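Residues or ranges marked as (2R)-3-phosphoglycerate binding site in Swiss-Prot (evidence: similarity to another entry): 32, 33, 34, 35, 48, 70, 71, 73, 74, 224, 260, 261, 308. What Swiss-Prot records for 306, 307, 312, 330, 403, 427, 433, 434, 466, 467 is ADP binding site. Under the heading CDP binding site, Swiss-Prot lists 306, 311, 330, 428, 433, citing similarity to another entry as support. According to Swiss-Prot, the Mg(2+) binding site annotation covers 307, 311, 466. The annotation AMP binding site is assigned in Swiss-Prot to 307, 308, 312, 331, 403, 434. Look at Swiss-Prot and you will find 307, 312, 331, 403, 434, 466, 467 tagged as ATP binding site, backed by similarity to another entry.
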């Protein structure tokens, strides 16, 4: 079949980090996607961190200063106003121990630190004759300074020595330990083989950023600790973006996984700086999706799985205009099978989507798109792993049983169809692949796509989500790092975080 006239390509090529030069001594704000799985403070899969390394190396090898921004998980987040109040409260508590005052705070500092502070004061000439030793007159000299000067000197000292002087300041406003990016900074340093500086508060990092030298890398704390990152109010998002934009000269986005967000860091910063380029990872994502949604080698098939038809309606509706084959698996397949009159036992079914399923099958037939549904199933009476699950003879599922994976006949048929195609895009697992007895279908698809890619040049794309986890080790052309972003592209939507970047000339 040919692509329908109204099946427009919703993504275009963008200027990349390779087009941005010189980067020497430039402060490069790089939005990355370090939203990695964590368990008990440990990273369980560092794929997204490793995927950003080439772009980071490009910046530092060119003598640039790399300042990384990312989110992690879904923290509650606080407003910037509340965050500023919290920071001021903590500064106040740090400066006035039990209301003893500035001189009392100064008095408990190490002698070397006292000398450094006095060297910046109006009494610096007198201070040159004072040693760091105990009882040499440092505190007495500080006590004679005007109150405003004391405050200014201590504020400067606190800003420059947060970690050591103010342990209570070494966490962000809105901080939630399980969502902190600190473990990511540690892993990134291991992968880069160099120190990675870590700013405890993304909106209070001006001093730390100003100290960075050529070739340095800094990771800012989770941008979602502030609610303005994904806030609905455009002015509030812009206010946050302005602070972050002030840290840098150049904006590069390598966060395809967050490209569907109209957020402070994805769209706000490049709008303020007036430019934006794609990192190598983003460039690769754009390139592959532009091909498969534009003029891919044919035949083109879409393999769609997952739990719910309702979550894939727009994808199915959009892709039917572009593809030659549609293979459906996962729990969503049972809604389509029931719509065709088959028995599905206790399997999941969205009754409200039966009419959509019938309509899609009819439209696909009219467009000469071949829709292939499971012809056998791996079943059990309960949603749990068992050593010997039931394998059905045909499409029908016995009463009292639920299908949890595609069966061996279906696997064979799907693998044969993959063998006919020159392009394939896959989104969603074929079964409950987290349970070993129901993982064969998903991993068989991954293996078939990998084999086709390596042996005959199949252009294969895994469109993010759980299927990406199953296929990472397979030899696929491209495993997308974007779950929601790739899904929205396949639904025919424009990604704000891509659209805002400069077009390739």
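The backbone N, Cα and C atoms fix where each Cβ goes, and this holds for glycine too.
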Binding-site residues: 71, 74, 260, 308, 312 - member with fewest neighbouring CB atoms within 10 Å: 74
Count of other CB atoms lying within 10 Å of the CB belonging to residue 433 (ADP binding site): 23
Spatially closest candidate among 32, 260, 307, 403, the listed binding-site residues, to residue 331 (AMP binding site) (Cα to Cα): 307
For residue 306 (ADP binding site), the number of other Cβ atoms found within 10 Å of its own Cβ: 22
From binding-site residues 306, 330, 403, the one whose Cα lies nearest residue 71 ((2R)-3-phosphoglycerate binding site): 306
Pairwise Cα distance for residue 433 (ADP binding site)/residue 330 (CDP binding site) [Å, integer]: 10
Maximum Cα-Cα separation (Å), residues 306, 311, 330, 428, 433 listed as binding CDP: 19
Residue 48 ((2R)-3-phosphoglycerate binding site) and residue 307 (Mg(2+) binding site), distance between Cα atoms, whole Å: 25
